[in-house]
Amino acid sequence: MRTSNHLIGLVNFLTFLLSIPILGGGIWLSSRANSTDCLRFLQWPLIVIGISIMVVSLAGFAGACYRNKFLMWLYLVVMLLIIAALIGFIIFAYAVTDKGSGRTVLNRGYLDYYLEDYSGWLKDRVSDDSYWGKISSCLRDSGACRKIGRNFNGVPETADMFFLRRLSPVESGCCKPPTDCGFSYVNETGWDTRGGMIGPNQDCMVWSNDQSMLCYQCSSCKAGVLGSLKKSWRKVSVINIVVLIILVIFYVIAYAAYRNVKRIDNDEPAGEARMTKSHPSHFHL
C-alpha cells in the first residue's frame, strides 16, 4: 500500500507541474489580449483549467501523503472532468481558428488580410460593431502602429525596404492600406491616396492618414486580429495537446495505483479473478 501511495503522490506532483505550462499559456494569451490580439475572453477558460489542475493535484497529493482515500477518489473524479474539459477546449480552439490566413502579395514580404477569408463564430464576434469598438480602442491604446516605424541612422525607411518587411497580421491589416488600393508609400503609416484605385475593396475608402484612425475600422484590421489570434492559439494548442497526452497517462497510472490501494485495504489477493457468478466484476472508482 505504501508503494501505491508513493506512486499516487508522485503522479500528483508531476500533474501539478503539468498545470504550469497550461496556466502559463493562459497568462501569455492574457498579456497578448492587453497588447496585441485585444480579445479578452478566450484565455480565461485556459487559466481556469490550469488553476483547477493545480488545486486538484495538490488535493490528490495530500490524499496520498495522509492515506486519505476520499481525497484520492476526489482527485480521480475531478481530474477526469478536467481532462474532458481540456479536450473540449482544444477542439473548440481549433474549430474557431480553423479557416482563414493571409494572402501573399506580389513583390511584398508581408501578407494582406481579408475578412471574407475567415468564417464562423469568431468572425461574427469580431465583426460586431460594439465589440469591435472595444478591440479597436485597445489596438490604439497599445500603440500597435506606433511600433511599426523604423529609421536607420536617422534616415527614414524607404518604400523598397518597407515592402520587404514581414509585418505581423495586426500591423499589415491595421497600420497600412490594402495593397490593392494602389496608394503610394510616404512612410510606414502615411500613404498618398492620390492616383489610387478605389475598387471593390471598401477599405480603400476607410483608410485615413490620421494616426488615430489609420485602418482601425477596416475589414482588413479585423482580419489581421483574427490572423494574429490564430497564430497565438495554434502555439498554445500544441502545448495543450502534449500536456493532455501526459495527463491521460498519469491518470491511468493514478487510477491503477488507487485500485491497488483499495484491493489491499479489502485484503484481496493480487490477480484475484473477479468475474464469477457470485462475485461479478464491477468497474467503479
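Glycine too: its Cβ is placed from the backbone N, Cα and C atoms.
Of Cys218 and Arg263, Swiss-Prot records each on a different side of the membrane. Counting only same-chain residues six or more apart in sequence, the Cβ atoms lying under 8 angstroms from the Cβ of Asn187 (N-linked glycosylation site) belong to Gly149, Pro156, Glu157. Across 44-64, 72-92, 236-256, stretch 44-64 shows the highest tally of CB pairs under 8 A with the transmembrane segment (7-27). Counted with DSSP, the topological domain 'Cytoplasmic' (65-71) comes out as 4 helix, 0 strand, 3 coil.
In three-state terms derived from DSSP, Asn187 (N-linked glycosylation site) belongs to an extended strand segment.
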